[in-house]
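Asker: Quick paste from TrEMBL:
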{"type": "REGION", "residues": "78-106", "note": "region 'Disordered'"}
{"type": "TRANSMEM", "residues": "187-208", "note": "transmembrane segment"}
{"type": "TRANSMEM", "residues": "220-244", "note": "transmembrane segment"}
{"type": "TRANSMEM", "residues": "321-344", "note": "transmembrane segment"}
{"type": "TRANSMEM", "residues": "372-392", "note": "transmembrane segment"}
{"type": "TRANSMEM", "residues": "412-431", "note": "transmembrane segment"}
{"type": "TRANSMEM", "residues": "438-457", "note": "transmembrane segment"}
{"type": "TRANSMEM", "residues": "504-532", "note": "transmembrane segment"}
{"type": "TRANSMEM", "residues": "552-573", "note": "transmembrane segment"}
Amino acid sequence: MAAYSSRVLTEEQEELRASTAGVHAARSHIHFQPLARTAQWQVTLTHTRSHSHAHFITPAHTQAHAYSCRLTHGVSAMSKGEKGAHGSPGKISKPSEPLFPKPSHQTDLSQKLSICSKLCFAIGGAPKEVAASATAFFLQIYLLDVAQINPFQASMVLFIGKVWGAVNDPVVGFFITKSRWTKIGRLMPWMLGCTPFLVVSYVCLWFVPPFISGRFVWYLGFYCLYQTLITCFHVPYSALTMFLSTDQKERDSATAYRMTMEVLGTLLGAAIQGQIVASAHTLKHCPTHNVSAGYLGNSSGAEVVESVVRVQAYLSQAKELYMIAAGVIGGVFLICTFVMFLGVKERDDLYAPKTEKQIPFRQAFVLVMRHGPYFTLTAAFLFITVAVQLIQSNFVLFCTYAADLKDHFQNIVLTILVSAVVSIPLWQWFLERFGKKTAAFCGITWIMPFTMMLVFIPNVVVAYVVAVSSGLSVAASLLLPWSMLPDVVDDFRLANPYCKGHEAIFYSFYVFFTKFAAGISLGVSTLCLEFAGYDTGACKQPEPVVYTLKLLMGATPVAFIIVGLLILLLYPISEDVRRRNKLCLEELRKQSSRTMVEDLNLA
């Protein structure tokens, strides 16, 4: 046995000398410490919070890389007074396999996901995007022109509702981390329990109450309730990605399915809402002159009565159409959630390192917020999400009042989303071929020249060209952050191997920051329309409003996108680092699995 260990050590020392430069490059992350030779040689990983990803070497599948990923946590656990990866402190176990095995590049069959499971998981996320698409494109114009609350009140509804939803994200994330596992998992009960109440709150959001003075309170209350319930659904659903499989490739594939279905959901939401309520915004009820207070004051009694009757008929039709659309979307929510429940199995990571005492939420939160890759990714996509939200929320208003495309906006929206759906597989191939960071830069940069083109050349032909091109960027902005976030979680777990069960923190606070920023941007944009002189219910808006809409559709989103891309330059998890983390986590799980077997044998 001693001769065998000496021979293995000699071979590894020769290989390490041949790759001295690579080992020096990774020395800030991995420290090799030979233990008692009489039993075996162990390699201990010290992967601290302050590690620099820029120093990771390219995992060219060298023997040095295989050596660096041979991990145990005995020394680390003994220093904390916890149970190590090899049993009780001080106990040295016998090697159950060759000391320095080559890392396997095949996915464990138990972690493979069937196409059916991926589809059911993806279908579960579709209704949230159906509802989000309808509210993003139509809630602002609905509050202004159908519910007829003034722009300041509409801005308060949008701003307070978004901020309230953002505040609920970390709160829901906290309670999820405290939830116990049930027969159907830890996350699934949250989604199933909130869905019926979510549907009711969504339908009430699109209902115009008979009273006028209290409409602001009505919409503010139900929008906040809707944001709370959608948070209770979305945070556990997004965190569910980490509990489908421990294999990065399988999770990336499931994320691609999810994003494809969510873009289809966005398409479906825009199609349902747009096609049903389109006639409410074509403004065929408008006479030759603008229906405003000034026009009515200069008209005869018969003209005034005729205009009022026409407006009342329009409002009655619009209210009915919006309620039909809300009912259809509510039904989609119920069906898709039931399909997800039947087809998705939530799994715990059974082979992750175990501790006798779980890290408290506050300490885990501090660790997450200090994790550099998470901070960089969240900050970058915060600005990019704000840009996309500005374009979405002001697009219908822009087409109606600034570009004279009111008869085409619903078809332009559908063109954007069809282009996004078709391009999701393209971006999935691109990120696998060239890396996720490169895909993010290429995809999101693409939208900037085309939004400016629509602002300066607002005609039908250009609008459809811009729609097809913008769909590519919309797909990238939806796919990339949710594909990159699991890599950040993996990187965090490698740096903090005993911090387990806090995945919801990553997803809830990511949504919190993006929602909060989007709420501020939407509230400010609606206030800008108020200051520009937006005339609620009018068929034609004054010139300052038109100019403001052009700014909100062109220069402002472009500025936010540029800032986001500059921050994304600092994102440290390259494809080399991602693959290295994958192999190291596989070694952690293998050693934890061996420890469980040895503990059972000793028992």
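Cβ atoms are placed via backbone N, Cα and C, with glycine included.
Automatic, uncurated: that is what TrEMBL annotation is.
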Asker: Tally Cβ pairs under 8 Å between the transmembrane segment (372-392) and each listed stretch (220-244, 412-431, 552-573), then give the stretch with the top tally.
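Answerer: Most contacts with the transmembrane segment (372-392): 552-573.
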Asker: Answer yes if the transmembrane segment (552-573) and the transmembrane segment (187-208) have at least three CB pairs under 8 Å among residue pairs 6 or more apart in sequence, and no otherwise.
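Answerer: Counting Cβ pairs under 8 Å (6 or more apart in sequence), the transmembrane segment (552-573) does not reach the transmembrane segment (187-208), since there are fewer than 3.
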Asker: So what's near the transmembrane segment (321-344) in sequence-distant terms, Cβ-Cβ under 8 Å and 6+ beyond its ends?
Answerer: 116-117, 119-121, 123-124, 126-128, 130-131, 134, 142, 146, 184, 188, 191-192, 195-196, 198-200, 202-203, 205-208, 240, 244, 268-269, 272-273, 276-277, 279-280
Asker: What residues elsewhere in the chain lie close to the transmembrane segment (504-532), defined as a C-beta under 8 angstroms and at least 6 residues from its ends?
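Answerer: Answer is 140, 150-152, 154-156, 158-163, 165-167, 169-170, 172-174, 176-177, 231, 234-236, 238-239, 361, 364-365, 368-369, 374, 377-379, 381-383, 385-386, 389-390, 393-394, 397, 481, 485, 488-489, 492, 542, 544-545, 547-549, 551-552, 556, 560.
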